[in-house]
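Here is what TrEMBL records for this protein:
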type   : residues : note
DOMAIN : 215-326  : domain 'Glycosyl transferase family 1'
Amino acid sequence: VGPKLFQYVVKVIVQAVQLLYTLLKIDQPSYILLQNPPGLPGIAVAWVVCLFWRSKLIIDWHNYGYTIMSLTHGRNHPLVQITKWYEKLFGRLSDFNLCVTNAMKEDLWVNCNIKAVTLYDKPASYFKETPLELQHQLYMKLAKDYEPFKPHHVPSLPWAHTKKFPPQVSSQSLLFQLKLSSLFPSLPVPSPSPAFLEPLQALEDYEHCINEGAKLPPVVCVITGKGPLKDYYNGLINKLHFKHIQICTPWLEAEDYPLLLGSADLGVCLHKSSSGLDLPMKVVDMFGCCLPVCAIYFECLHELVRHNENGLIFRDSTELAEQLKMLFLGFPTLEGKLQSFRKNLRASQQLHWDESWDQTVLPLLG
């Protein structure tokens with residue numbers, strides 16, 4: 001009821017009271033760890049509670065709330081400026097600060113006088129390459145509801161109608177007999193995103209090259225997520241009449257998502273940071289599955305995606321199309337960039353979340 005500004009103020013006050021009441025009822029903590037964003041009213045409430053309990057406040061900076069708000073209201077909106085001041089103030093009042101990139105660490109120090117320690121996002125232990133038999137079980141499960149996974153769409157596999165793989169089919173040979181699955185990100189944006197059109201335009205170029213006789217494999221493209229504009233994007237997809245490309249937009253159960261990533265041949269990431277200082281968690285998960293990626297460029301992406309080493313960075317649909325054609329020309333093959341990237345990811349032996357926490361945060365806490 002009332003103007004939007006009034007609604008927003010009331011919401012913040014109500015949330016602050018609820019959060020304060022809840023935190024004052026818990027047993028006395030030594031530390032309160034808070035992720036930002038969202039930080040309004042969380043940071044201020046956590047700081048007050050820490051004063052009451054004589055606890056220490058740790059802020060885990062994943063981005064800036066004010067840059068996210070500016071996407072809707074613009075950088076100069078009073079609410080955005082208030083939120084910016086608020087985050088800087090309470091960031092300085094915290095006892096410890098963690099952040100997700102070295103670029104954010106530097107920005108916090110230079111612009112906010114906040115000293116932080118970089119704690120990179122790491123994949124959970126269940127993000128890993130999917131064994132052959134689990135791949136088959138997943139595809140059989142998805143085939144019940146999604147046409148691109150039905151056996152008649154994979155004619156090169158004589159065992160597609162069976163319930164288990166014949167023993168002579170190795171994991172490696174299966175990988176290249178399957179159509180490739182490209183993983184696009186979820187669709188959480190509140191308004192149509194030009195970035196989403198980039199892969200669709202790239203796939204149109206890819207289809208054209210197949211029609212011209214290029215030795216490129218057919219593609220099954222899986223777009224995960226259930227954002228508010230999913231119907232809008234499905235409408236765009238339905239207008240495309242591909243012969244060699246199928247696009248599937250399933251709603252996956254939580255346990256199936258890492259299995260699908262671990263079964264794929266390539267991931268495509270469209271994440272663009274509102275601040276230019278955070279990294280896409282989807283790529284972190286993909287790398288946990290040793291899945292090479294093509295990711296759209298932004299300022300600090302090089303801290304995660306090393307171009308020509310564990311993936312490729314593109315700036316527009318033309319560049320993405322060229323990368324797709326280069327990666328999959330002559331597919332299947334045991335050589336080439338795609339396999340080189342996967343080998344590099346396997347060899348990198350990434351730390352998982354628990355190990356990274358023990359190495360970075362526990363020493364900070366003494």
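For all residues, glycine too, the Cβ spot is worked out from N, Cα and C.
Unlike curated entries, TrEMBL annotations are predicted automatically.
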Helix, strand and coil counts within the domain 'Glycosyl transferase family 1' (215-326) (DSSP): 38 helix, 22 strand, 52 coil
PLDDT averaged over the residues of the domain 'Glycosyl transferase family 1' (215-326): 86
